[in-house]
Amino acid sequence: MAHRVLHFIADFFVYETAKSVVVKSWSVGIINRVVQLLIILYFIGWVFMHEKGHQLRDTGIESAVMTKVKGLGKFNNHVMDVADYVVPSQGGSSFAVITSMVITANQTQGRCPETEDKFKCTTDDNCMAKLGSNLGNGIITGTCLNTTNGKTGWCEIEGWCPAEDDKVSEKPMKEVENFTIFIKNSIRFPMFNVTRGNFPSSLNQSYIQSCHYDPVDHPFCPVFKVGDILRHINQSLDSITDKGGEIGININWKCNLDYNVMYCNPIYFFTRLDAAFENSVASKGYNFRFAKYHQSEDGTERRMLHKAKAIRFEIIVSGNAGKFSTVPFLINLVAALTSVGLATVFCDIILLNFHKGADEYKAKKFEEVSGDVSESANNRHCEGSQMSIKALEKSSNDSGTFSIGRQEAHSSSNQ
């Protein structure tokens with residue numbers, strides 16, 4: 001047992017060093033330098049320049065958005081202003097501009113026939129089968145109305161009457177193309193305590209009232225024309241006003257705070273958010289319902305139901321900021337220097353498996369030394385032996401391989 005412990009201690013206190021073999025081969029040398037160059041270019045071009053690997057990044061952007069729509073249109077012989085077609089009216093980051101409506105006026109609580117084709121009937125049994133349905137304009141009572149001489153009628157409902165008939169088509173409000181959207185966006189990067197706005201404070205009111213955003217001519221103008229937004233996303237006015245749709249206005253902040261903060265400005269992108277359902281048969285476009293309530297002189301509660309088709313706008317704010325920091329710079333620098341060593345691994349694979357002098361390279365690179373030398377033999381070796389190191393140079397069939405071997409002369413008794 002003691003012998004094993006001593007043997008483990010002896011094996012533990014051993015120094016190992018790498019053996020260096022210089023291979024003088026044009027082909028392997030070129031491969032080695034090319035791989036090293038590619039690794040260095042990757043870290044310089046992608047990691048440091050593109051991904052800003054030397055910077056500390058703040059992705060927790062804080063944002064506030066205020067919007068204001070302006071424009072006048074005409075729908076169903078009525079002039080529509082902002083209070084009529086913008087829902088909700090608070091001016092937040094999500095709002096809808098109504099382009100057309102189906103209006104059902106003077107509804108009161110009572111019983112009346114349905115208007116949907118799926119609720120047509122000839123007998124009460126047809127309506128009893130639809131009890132509990134959530135697809136109608138009211139609660140199905142189970143009675144079939146307007147059936148005379150075997151003609152088709154409609155199931156009776158209890159709810160707001162008369163029932164809505166949304167098959168009525170109205171000409172949409174085409175003036176929406178000229179409506180403008182004013183966007184005020186303020187952001188903050190809390191890690192660096194940097195606050196910015198989407199337009200400089202030096203812009204005067206007359207400029208804002210007259211400009212329209214253009215990525216080249218007016219990149220800092222915060223006023224967006226609806227028609228320009230539709231052209232940016234290649235959408236026709238007719239298609240989106242007839243059925244409605246959802247449009248995203250993306251405000252992207254990507255700031256390099258190694259430069260002056262005045263260069264931290266947003267970039268705008270426009271997208272059709274419901275593009276996946278643009279050709280859908282089951283659900284296409286965007287619509288919603290709302291009602292306006294009033295009370296008649298006799299005290300009866302009445303309402304005016306609106307089914308609105310609209311363009312919904314979503315203001316989406318994203319971004320990040322970066323600034324030089326020693327810690328990420330050193331981490332990526334060490335990773336770059338370490339990765340350069342991959343060229344050696346790649347060249348070793350070539351030399352050990354595909355090179356003409358693979359066997360010779362293996363013999364020079366991997367050397368196994370073993371020996372149990374007693375203390376007395378070691379003393380005699382120190383007294384009477386001498387060691388010589390001889391460099392051997394051999395040339396392979398191609399450009400050549402340079403290797404170093406070692407020979408030991410034994411004690412004088414063996415000579």
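Heads up, the Cβ atoms here are built off N, Cα and C, so glycines get one too.
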Per TrEMBL, cysteine bonded by disulfide to Cys221 (from Cys211, Cys255) = Cys211
Identify which of Cys127, Cys161 is listed by TrEMBL as the disulfide partner of Cys155.
-> Cys127
Just choose from Cys112, Cys121, Cys255 the cysteine that TrEMBL connects to Cys161 via a disulfide.
-> Cys112
Per-residue Cβ crowding (10 Å cut-off), top of recorded positions Asn178, Thr180 = Thr180
Compare the C-alpha of Cys264 (disulfide bond) with the C-alpha of each of the recorded positions Val69, Cys112, Cys144, Arg289, Lys307, and give the closest one.
-> Val69
Can you tell me how spread out the ATP site is, meaning the largest CA to CA distance among Lys68, Val69, Lys70, Thr180, Asn287, Phe288, Arg289, Lys307, in Å?
-> 24
How many Å lie between the Cα of Asn287 (ATP binding site) and the Cα of Cys155 (disulfide bond)?
-> 26
Which of the recorded positions Val69, Lys70, Cys127, Thr180 has its Cα nearest to the Cα of Cys161 (disulfide bond)?
-> Cys127
Which recorded positions (Cys112, Cys121, Cys155, Asn178, Cys211, Cys255) fall within 10 Å of Lys307 (ATP binding site) by Cα distance?
-> none
Rounded Cα distance in angstrom between Arg289 (ATP binding site) and Cys112 (disulfide bond) is 20
